[in-house]
Amino acid sequence: MAPLVVTMIRHGESADNVTAIWAGHRDAPLTNHGFNQSMRLANHFQDVPLTAIYCSDLKRAQTTARNIASLNKTQPPPPFTVSPLLREQFFGEAEGWPWNAGLYSSSHLPWEDHRAFRLAPYAESLNDVSLRADKVLRHFVLPHLIASSESSTPQHILLVAHGIWLSEMRYAFARAQDPQVRFVKSGGYLNTAWSRFELELVREGEVVDRVQNELPEPEESGGSTAEEVVVVEETTPLTSAGSTTNARSTNEKESDLSSSTVPESIRLLLPTIPDLPPRDPALPRPYPEDLALPRIKFKVLATNQAEHLEGLVRTKGGIGSSAHDEKQRGLQEFFGGAGK
């Protein structure tokens, strides 16, 4: 019975990251510096055996993930799945507007209201993002966990996405252990930083502890390692993804993006591909929709790791902060050497 290893990665620096604007579903490309970051990351992961790669459909995450896949030496190449479920939190009508923490902050609100807070009309709350993370757990992560538990060989999957989404995915792991856990955001991810988790199924009758509510802050330099997170004493499985008591506030107003009254500017930011694309036959069989989620326990092996960026310098003259053009050949060789 082998554990499942999950490595979660934030995308490289995007063209929107270098401006102070709200950018969730805006589909900005990587900057030249961000592309070089992603190539450094790809070199770092080239000898890491991978079972599968899952990524957001937004350019900044998808380019980062494809660069990893292009250099990884796993044979046969790991299946590559693109899904809008891994998108960043949607900021609705605030997308593209200047960032203003004082105007939009919800930090003063009680925990439940903070989770239900929506920045602007048509925006997602953290609860909305957590529901997408729950679907990723059920449809993408859990099949690998079950397959790994039935084998002596551990599986290793990558989730390449966005900062807020990654925090919510970690929250999904915590709730799969302890439905009553009240999540406290664990800190931001550096661009192309990675965190690694080890997941196992809780055996029938296994007695475990409750999840800590205060998840630790990642360290800025090098990250932290070997942090243990344990699970609850109860063994009752979750009935469905997102069915825990804190998945959604009962008085939270639903953001109806299917309405015909949604502005065109909002529609242009919505996904155009299905949440669940056709399944690669090399992937383990999907977990049945009508079955309860099993109880899971997880261990944090590393957080916010970015050693691969040591020595990488942004190209001067504004070139490093400019949007990367995928059609330009050998850009990293001319401007900074991504693989150096």
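Yeah, the Cβs are placed from backbone N, Cα and C, and that goes for glycine too.
Checking the candidates Arg40, Arg60 against TrEMBL: the one annotated together with Arg10, His11, Gly12, Glu13, Ser14, Ala15, Asp16, Asn17 at the substrate site is Arg60. Of the recorded residues, Ser14 (substrate binding site) and Glu88 (active site, proton donor/acceptor) place their C-alpha atoms 13 Å from one another. In the three-state DSSP classification, Gly12 (substrate binding site) falls within coil. Taking a C-beta cut-off of under 8 angstroms and a sequence separation of 6 or more, Arg10 (substrate binding site) has the following same-chain neighbours: Ala161, His162, Gly163, Leu166, Tyr189, Leu190, Asn191, Thr192, Ala193, Trp194. Just so you know, the Cβ of Gly12 (substrate binding site) picks up 28 other Cβ atoms within 10 Å once every protein chain is counted. Summary for the recorded positions Asp16, Glu88: the Cβ-based neighbour count within 10 Å is maximal at Glu88.
The sparsest Cβ neighbourhood within 10 Å, among the listed recorded positions (His11, Arg60), is found at His11.
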